[in-house]
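Written below as structure tokens is the structure these notes are about.
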Amino acid sequence: MLPTTSLNSRSQGNGALSPRDAARHTAGAKRYKYLRRLFHFRQMDFEFALWQMLYLFTSPQRVYRNFHYRKQTKDQWARDDPAFLVLLSIWLCVSTVGFGFVLDMGFFETIKLLLWVVFIDCVGVGLLIATLMWFISNKYLVKQQNRDYDVEWGYAFDVHLNAFYPLLVILHFIQLFFINYVIISDSVIGYFVGNTLWLIAIGYYIYVTFLGYSALPFLKNTAILLYPFALLIMLYLISLACGWNFTKMLCSFYKYRVK
């Protein structure tokens, strides 16, 4: 789960890590500790995870400043507490059930939709995006003078989860209150409201992702991660001009997938 590895961190006098420290700071050891805590709810800090979820909306910079604090105190950037992942899973379940209710799906259709949202929309797409960002950041964004550092794949996936949460709440919760009565209508206001929510949700995803990588001091030129904003705004304007309704297309796609 460590986003960085350093040849000089916690070294002995001869410049090498002690066997005990080396074993304790491997990605495998961190991953094992993280997964083990999934079965010990009393060890999870749900209050702090809720704090992070709140500030991912209002001030995501504060969330990543806390990542800096974790690096200084625990020598790792990524979360060592699975409480955020547990709460995100609950949000996925609740919002998907709400989506199924709004789309008038049956019990088994809602279960199919839930499996699709969890394993395809969140995990599957997240694996692809995290792998792509891991490759790009290590290949093109690491500073030349800091070749001892690299972005670990686990941190890239952690950033995806941070960015995915606001998108999930906007598209799978807030949007539910407008789907049947406003968005899926054939009126101009319908696709304007729906597409604007998509613009805000994906914009949040891009911005929170940018903050995640710009928080790593050994990366350079992270501002390029904001460039997709230009494509996003262009696509938004084209959709309004052509009358495309992204939410209506999503609802039709979901209904097709659960048949």
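For all residues, glycine too, the Cβ spot is worked out from N, Cα and C.
These features come from TrEMBL:
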type	residues	note
COMPBIAS	1-15	compositional bias 'Polar residues'
REGION	1-24	region 'Disordered'
TRANSMEM	83-102	transmembrane segment
TRANSMEM	114-136	transmembrane segment
TRANSMEM	163-184	transmembrane segment
TRANSMEM	196-219	transmembrane segment
TRANSMEM	225-247	transmembrane segment
Of 114-136, 163-184, 196-219, 225-247, whichever stretch has the most CB pairs under 8 A to the transmembrane segment (83-102):
163-184
Using Cβ distances below 8 Å and needing 3 or more such pairs, separated by at least 6 in sequence, tell me whether the transmembrane segment (225-247) contacts the transmembrane segment (163-184).
yes
